[in-house]
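In what follows, a single structure is set out as structure tokens and then discussed.
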């Protein structure tokens, strides 16, 4: 920001912010500067002299230079937020607005400063701002609106407080919402109303005895003399001579021990008996206290009683904290922390009314401390053990795992290849010292993600061997040219491997074939060319010779030194003929054609043909004659060797066996543990050897002796190999034995349990390794304790009843010294279940509630009736039959007293019906999910496997809970109904069916016979998927899927073959000369081209018609002495002009006739004789897999054409390299992999009808590609066995009881009963025997403090008093729904006043209420409600959004009026009423007729528009007056249609919207009519 000081006039200084603090040392002593300049008020800079120099700010100051290490010394100190201040009050000083909606916007501030962390001394804010921006000093807040007190409706009036005279009736209400944030106080919660039931016949009772509360317990005043006498008497007793008999002495000792146990001499109790007293007074009905004599003569209540002096529980100091349950540091901050605990001991139990003992043990979350703590999921600090995930080896790659189980496309799956799936097991191990694998452990010790249990893999598809076509037969040669023996040899032909197969060339068919021959030779002469024909005798024409040019070649065609061919005669010169002018002229011989057969036999011979033609006939006498037609062609034999072909045939390689020459041997020593030194499980490997069978085979015959085949190409029969390494089975050591659950039940009975352990196979045996052990799991009985450890309280005998000392109570009326109410105590000790003495702390932890150590007692007086205790009830002969009784007897003198013989006062027997144990079983709730048989197996062993192949469908069972009731409709255990708790029913989980397609059809033919085209194959849909099966690929409209790939056809596979030209046929034949214009013909056929040449004729359409040679040609046959020329040569390549030529054979010209031109030219014309060439490459095909592959690696191909500019494909001659294949991947269809079902959860309810157990599974690996999708059901539930819900429950409080008087301080009581319920409603239940709650903690609603009695006050007649507290109101939120504001939740209870005498109302105490916070309160809204008008009035009230009528809560602004006096002038017309808007309106069915002044004049009935129905015979529309406009049309007499009431005005007196709509429509219609009339003109 720009700081500046404004001058009074003229320029002022501008100050730039302070710059960075600079200095050599950190801390104070730095300096910072800033720029200061003088500027005019308009903003431009001026001279410094124009500004007042005395006011010039400083441009340099000292500062604190901050360094990085200051971050550890300084930090921001944040003060508490101040009270929220209204924005309006803060800004304008005004008052808060009267209308408040939810809350008022405010601002609260706080102090923020930079302080030194060590002593919080203030520092410069710049220091902290260097590291972190200064926290905000203000924030928005909301000032809640005042919330008035909200009370409920009044209860009905009580009955009159008196039965005669003048009394009061009361009605009360309770507080629902306390006044908050300055809201209005609560109104009176009580209303009074006098009542007079009738006059009293006698005098009314005026005085009542009132007792006060008991005073605190205190010790009686000591009497030293009496105590001294008592001590003296005891001392004399001790001086009696002892008993010397040992047996008697032992009995006395046991008795003393027993008595000592019965006495409260335990260090945990210090019981002192005292007394307490209370006052008795006489009260007037107006509430005043009068003399006691006014209430006499009456029997006075007891004023003194025995008591136990209250002593609070005393505890020891807390012991040190125990170790943290978590012994490692978890890097995940959100992971659960450990727990640690500490305890304290009881020094003194509470007695009397003393404060009970607080908890003796407490826990807190913790983290391990110390420098040596290791990270979790890897190390355990206490055991120095590594815990980690372990996996078995990946299984073999299997392709069938990716196929549907219902896919029958491939009956033989052994040849499948391509993409596959591997599985493995995952378990948990610990590694001692983190060195090697060891036994499985509990999965809880391992952290981090679970390793994958499956992965994609690839099985290489076998590459089939591809070989080239056979080459031509070679010359007859010796098998070994170095050793030339005999006169027999072989002709060989070979082929090459064009695509090397998997496994090497040994898997290819034979590559050499041989036929025997005679007169072999290793070298021969090869004719290269013939020289020109040279006439003999240096003549210009006539017979001559041609010298052959030859080379010496070996059997493979390679040129060698000519000396090697010296043994064979060289080719002789060949006779030839140069025609003279009158001779017949012939063309040169054509090349020999391909041999017609590959071999010769008795029936077939190979032939070759060559031809020549007549170029000019002889002229006259003396000229050489032309040969006949048969001399124009020559035929010779070829491939004269017999059709007896031999070759070597190899068998498959055998297994790799040990090579005896190798020294290494395979050894195994048994199944090894994973903890052994060789963790990879591989033994030593050795060099081996493989053999195969090689035989000589004659084609089409079979095996022949080896000598028939040449030895040189014989394949080998032995090759070295690497023997597969033996793999022994590797297993982990056994896991630790699983923990034994408690083997003692609640009653202390021994239960037999089993524990188990397991081990996991890490590596399966292979190649002859040691097999795995059969036993992978072991089980044994748990070691049961001889005596189950357990603890119980033992209560000893009650001591004698102790009375209040006589000197204290001797003044009480009617008191006797030796009898009356007293108190007795007993000892309580802790025992084991076997009776042995135990520490009392064990019982506090494990035993039930400690029994009481004191009780009230009564020492009978002489006049009292004394009875024995009740006996047990007699047994019943049968259930539901007869009765059972129990008895008691009078004791002592009571047998002779008449009042004791009164059986009504003192019954001596009781009778009750025998219990009726009848039970009824009923089904309960819905059926569970269908659970597969065996699917509820619970994996309880450590080292749990994680796998994905889980049975998903088939027959299972579903369960429905059974509930059992007794004859009183009380819930009992299901075993009473002879049921195990379930109804079981078979069910079916349908198996998923995948999309099924047919097999691929055969590939179609390539769409082009020359060049690149496409070929197609297809599949069709056989069955759609259902039940979550694999989806289908995208299909076309006829449910087919296609695959189109490019293809290429060899343009030379079909060729035109032309036969030699026929003899000239001269059209104008001169009888003297055979010359002139003529015609030659020949046959042209389309033939299949093979490596041996054209082989057979095919249809002409397979050959290119544009390339078809001519079958007829016309020309001029030279006449004698004409120049004879050869045929035209081929045209050269076109540049601008292309040229062809021919050579003269006879260049003699007579009569001036010269030879014509020997060359011919023609212009180049595009696409006629001149062409352009370009490459045409197709798109990449789809990814092509091997025939046996499902997915995985494949190839994409494309085709390349050489295309001529006339769109004709020609044979390709590559001038650049093109990539025609690329690798690709087809995604594998991986099915969804799920984990095992987890163990069944604990029941959601420990008892009751709604209990459910759940189990779940997780997706280990989602589906990929077209794999089967994951099922939607990842959770399953089944009902829990129904168990009765037992709980301790209080009975309602009794009425306040005051003994022997009418009013005053008394007691009220309640019982603690065992209640059974079905758990559906907490408050309901049926009382059952207390034994059924014996195993429960003695607590009510989790409150262990059991209170069965409490003091109360019974009001005296005429007294005004406070009622008992109401129940806590439901938890409600203090909120404003419209504003979205919540200020917390609260609940409240209140005490209303109850009065009995009208004159005492003024003396009543104040009503009371109290509130407490709660959570999850509900937010309510309040709105005004009103009834319909009744005449000129109506009822209005406030209603809460849940439908409860309340007082308070509704907005005080504009409440609805409850009379119609708000209209001015008042609505006095019949059938009219005043609306909330203050407008007079008519009731429904009537319309308003207004006066000229706008006032309501009268209410007129609205005409009724009757719409006839289909069944109405009257179709005319009638208007009639409404009989009762408020009744629906269906109940009006004589109405069969629907009735519409046309009311133009609404309840507020304003026109309704439909009136405006009708008016607008009429206006538009009128404008339309006017416009039409205008246009018509």
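Cβ coordinates are placed from backbone N, Cα and C, and glycine is handled just like the others.
Marked as compositional bias 'Basic and acidic residues' by TrEMBL: 234-248.
If you look up TrEMBL, you'll see 353-365 marked as compositional bias 'Acidic residues'.
Among the features that TrEMBL reports, compositional bias 'Polar residues' is placed at 663-685.
According to TrEMBL, the feature domain 'Spondin-like TSP1' maps to 149-200 (among others).
Averaged across the domain 'Spondin-like TSP1' (313-368), pLDDT in this predicted model comes to 83. Marked as domain 'Spondin-like TSP1' by TrEMBL: 313-368 (among others).
Each residue in the domain 'Spondin-like TSP1' (584-643) gets a DSSP state, and the totals come to 4 helix, 19 strand, 37 coil. The annotation domain 'Spondin-like TSP1' is assigned in TrEMBL to 584-643 (among others).
Per TrEMBL, domain 'Spondin-like TSP1' is recorded for 729-788 (among others).
TrEMBL lists 995-1036 (among others) with the feature domain 'Spondin-like TSP1'. Long-range neighbours of the domain 'Spondin-like TSP1' (995-1036) within the same chain, counting only residues 6 or more positions beyond its ends whose Cβ lies under 8 Å from a Cβ of the stretch, are 404, 406-407, 409, 953, 1042-1051, 1053-1054, 1102, 1104, 1176, 1178, 1199-1201, 1203, 1209, 1229, 1231, 1266-1269, 1271-1272.
As annotated by TrEMBL, domain 'Spondin-like TSP1' applies to 1232-1285 (among others).
Across the domain 'Thrombospondin type-1' (1465-1504), DSSP assigns 0 helix, 18 strand, 22 coil. The domain 'Thrombospondin type-1' annotation in TrEMBL covers 1465-1504.
Per TrEMBL, region 'Disordered' is recorded for 225-248 (among others).
According to TrEMBL, the region 'Disordered' annotation covers 331-365 (among others). Non-local neighbours of the region 'Disordered' (331-365) in the same chain are 217, 267-271, 307-325, 375-376, 840-841, 844-845, 853-854, 1345; each lies 6+ residues outside the stretch with a CB under 8 Å from one of its CB atoms.
What TrEMBL lists as region 'Disordered' is 659-685 (among others).
The transmembrane segment annotation in TrEMBL covers 1553-1576.
For the region 'Disordered' (331-365), the DSSP counts in helix, strand and coil order read 0 helix, 15 strand, 20 coil. The residues of the domain 'Spondin-like TSP1' (1232-1285), classed with DSSP into helix (H, G, I), strand (E, B) and coil, number 0 helix, 19 strand, 35 coil. Secondary structure by DSSP for the domain 'Spondin-like TSP1' (149-200): 0 helix, 23 strand, 29 coil.
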